[in-house]
Amino acid sequence: MYTRYGQLTDTVKLLDEMPQRDSYSWNSLLEAHLKSGTNREDTLRLFHSMPEKDDYSWKITISSFAKAGNLRIARELFDKMPVQDEKPWNSMINGYARIGRNDEAMNLFKSLNYSNDNVWKNNTHILATVFKICADMAALDFGKQVHTRMVINNVGFDEVLVSSLVNMYAKCGDVDSASHLLNSLQAQPDDFSLSALITGYTKCGRLIDARKVLDHSGGGKCNTVLWNSIIAGYVANNEGSEAMNLFSKMRMDGIREDPSTLASVLSATTSLGIVIIGKQIHGHGLKLGFIHDLITASVLIDMYSKCGSLDDACKFFEELQKYDYDTILLNTMINLYSKSGRIEDARRTFDMMPRRSLISWNSMIAGYNQNGCAIEALNLFCDMHRLGLPMDQVSLACVISSCASTCSLRLGEQIFSKATVIGLESDQFICTALIDFYSKCGYIEYGRSLFNEMEKTDEIPWNSMLMGYAANGYVVEAFKLFEQMRNEGVAPNNITFTGVLSACDHCGLVEEGKKWFDSMKQEYNIEPGIEHFSCMIDMFARAGFPAEAMNLIDQMPFEADSSMLSSILKGCTATGNESLSKKVAERILELEPKQSSAYVQLASTHATCGDWERSAQVRGLMEERRVRKSPGHSWIDD
C-alpha cells in the first residue's frame, strides 16, 4: 500500500521492522524507490544490495531506467540479466526508439533474431515498435522482411500492429501495399490506419485516391483525424481552394474541428494570399477557444506576415499570454518586427526569451542589419563571442555585412579569419557577404579575386559581384560579368537587373538602360519593381531627360516617393525646364511638406520666370511652416 502511494519513507521503515524479508518485500522497496524518483545511484545501490533478485526485480528496474531515458544504465542491466524474456527486450527497443536512437533499436531487434525463441520475435508490441522505426528511417525493405516473417509464422494482427504496418508502408511511399493490406482485413480498419493511408496518398500527389479513402470510410461520419489528414494533404499539394472547400464540407457534415484543422486551413489561406479569409478563420478560432494553441498561433502569425499584414501579426502576438510563447514563435516575431521597422520591439522580444537558440541570435543580428543598425549588430555579435556561443555561416555572414555598412575593413577581415578557423572559409553564403564587404569598402579587386575562386551554385554571388561593380562605377566590367553570367547559363533575376540598370544610370547609358529595362519582362518574364523604376527615373533625369522621367513616373504601377521626384527636380534645374520644375516641386511638397529643397527650388523657379509675388508666397509658406533651409558647408571652414 505504501509503495502504491509513493510513500518511500514509510515503506523503508516498515521493511526495517520486518523480522523476515522475502523477494516480494525487497521488490516492494525497489518499486517504491523507482516510483519516488529517488537519486538513481541510490536506486542502483539498493538493487545491487538485494540478497534476492528475481525476474520481476530485473524487469521493473530495466523498464524504469529505459522509460526515464537512462539507456546506458538500462543496457548494462539488460546485458547482465540472467534470463531475458520479451518484456526487457520490449523495454529496451522502445527506450531507444523513444529518444530517437533508431539505429541502436534496430540493431537490438536484429540481435533478437539470432535467438531460437519465436515467441520473443513474434511479440506484437516489439513488432509494432520496429515498424514505427522502419517508417522513421524509411527502411521499407527491412519492414517488408519483418512483415513476410510475420505471415510465415502466422502472427496474429491486432489493431496496433495493423496501424503500425500501414503507417510504415504509407510513410515509405508504398501506398499500394498499405491499401492492399487494409483491403485484405476482414475487420473495419481503425482511423489511425486510414489517416496514415490518406497521408501517404497525398504525399505522393494522389489526391483522388486519398479522397476515395475518406469517402469509402464513411465520408461525413468520419472523425476529425481523417478530415485533418485530407485537408493537410491538399494544402501540402498547393490546393488551397480545395482545402477550404473540404473544411466547409466538414463543418456542414457536423464534424467538429480542432486546433490542427485550423492550423491547416490557415496554411491554405496563406497559400491563397487572401487575408480577409484568414481574419475570418482567426475570429472563428477565437470563438472556439483554439487561437491560443501554440501551433495555431504560430501559423496565424505566419499567415498575416506572408499576406503582408504585418501590423495584424504584431497586434495578435501582443494579445498572446506570455505562457503561450515558445522559442520558435519568438524567433518569428523578431523577424516580423525587423521587417516592420520596429527594431526596438524586436530587441525587446529577444531580451525576454527564456532560451535563445542560434536562430534567435542570427535573427536579431540580421534584423539590426536590415534596419541600418550596423553598430548594434556588431555589439550583439561581440556579446555572442564573449559568451562562447556557437556560430554558423549565417552569424558570420550577417556580421560581415555589418562591417560592410560601416566600412570596417580590419574587423571584417578578422571575422573572416574566424570563419576560416571553424572551416567555413569556402561557404558560399560567407564568400558572397565578403564580396559585398570588399566592394563597399572600395576594394573591388579583392572581391573579384574571391569571386573567381569560389564555387558558385546559384545567381547570388553573381549578383553581389555585379552590384559591387555598379556601385563603384566599373560599368565595362559590370556588363562583361553580366554577359559571362548569361553565357554560363545562370538565369538573371530582379536583383541582377537592379545592378545592370544601376550601372547604366551611373554612366548615362540611356539607350542601353532602356533596352535592358524592356527586356526584363519581354525576354525574362520579370516584372519591374520599384527599384528598377527608380534607376530608370534617375538615369533619365541625370542624362537631361526630365520629361521622360516624369512620363515613366506616370506609367509606374507604384506611388512615386519624394526621392524619385527629387531626382527629376534636379534634372529640371540642369536643363532649365521651369514648367516641369514647378509641377514636380509641388508634388514633393504634397508628399513631404517639411522638405526645404523643394521650397527653395520652387521659389527660385518662380523668380526666374519673373513671378516675384509667387516666389515670395512660397518663401512665406516656408517660414509659416517653420521649414529651415539646410545650411551650406565648405571644406574651407574645416
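Cβ atoms here come from the backbone N, Cα and C positions, even for glycine.
According to TrEMBL, the repeat 'PPR' annotation covers 22-53 (among others).
Here the repeat 'PPR' (54-88) has, by DSSP, the following mix of helix, strand and coil residues: 26 helix, 0 strand, 9 coil. If you look up TrEMBL, you'll see 54-88 (among others) marked as repeat 'PPR'.
Residues annotated as repeat 'PPR' in TrEMBL: 223-257 (among others). Residue counts for the repeat 'PPR' (223-257) under DSSP, split into helix (H, G, I), strand (E, B) and coil, are 26 helix, 0 strand, 9 coil.
If you look at the repeat 'PPR' (293-323), the same-chain residues 6 or more away from its ends with a CB under 8 A from one of its CBs are 259-260, 262-263, 266-267, 269-270, 273-275, 278-279, 282, 285, 329, 332-333, 336-337, 339-340, 342, 345, 352. The repeat 'PPR' annotation in TrEMBL covers 293-323 (among others).
Same-chain neighbours of the repeat 'PPR' (326-360): 294, 297-298, 301-302, 305, 310-311, 313-314, 317, 366-368, 370-371, 373, 389-392, 395, counting only residues six or more beyond its ends whose CB sits under 8 Å from a CB of the stretch. Per TrEMBL, the feature repeat 'PPR' maps to 326-360 (among others).
Distant neighbours of the repeat 'PPR' (458-492): 428, 431-432, 435-436, 438-440, 442, 444, 447-448, 451, 498-500, 502-504, 506-507, 509, 524, 526; these residues of the same chain sit at least 6 beyond its ends, with a Cβ under 8 Å from one of its Cβ atoms. Residues or ranges marked as repeat 'PPR' by TrEMBL: 458-492 (among others).
DSSP assignment over the repeat 'PPR' (326-360) gives 26 helix, 0 strand, 9 coil.
For the repeat 'PPR' (223-257), same-chain residues at least 6 beyond its ends with a Cβ under 8 Å from one of its own Cβ atoms are 191-192, 194-195, 198-199, 201-203, 205, 207, 210-211, 214, 217, 264-265, 267-269, 271-272, 277, 288, 290. When pLDDT values are averaged over the repeat 'PPR' (54-88), the model yields 82.
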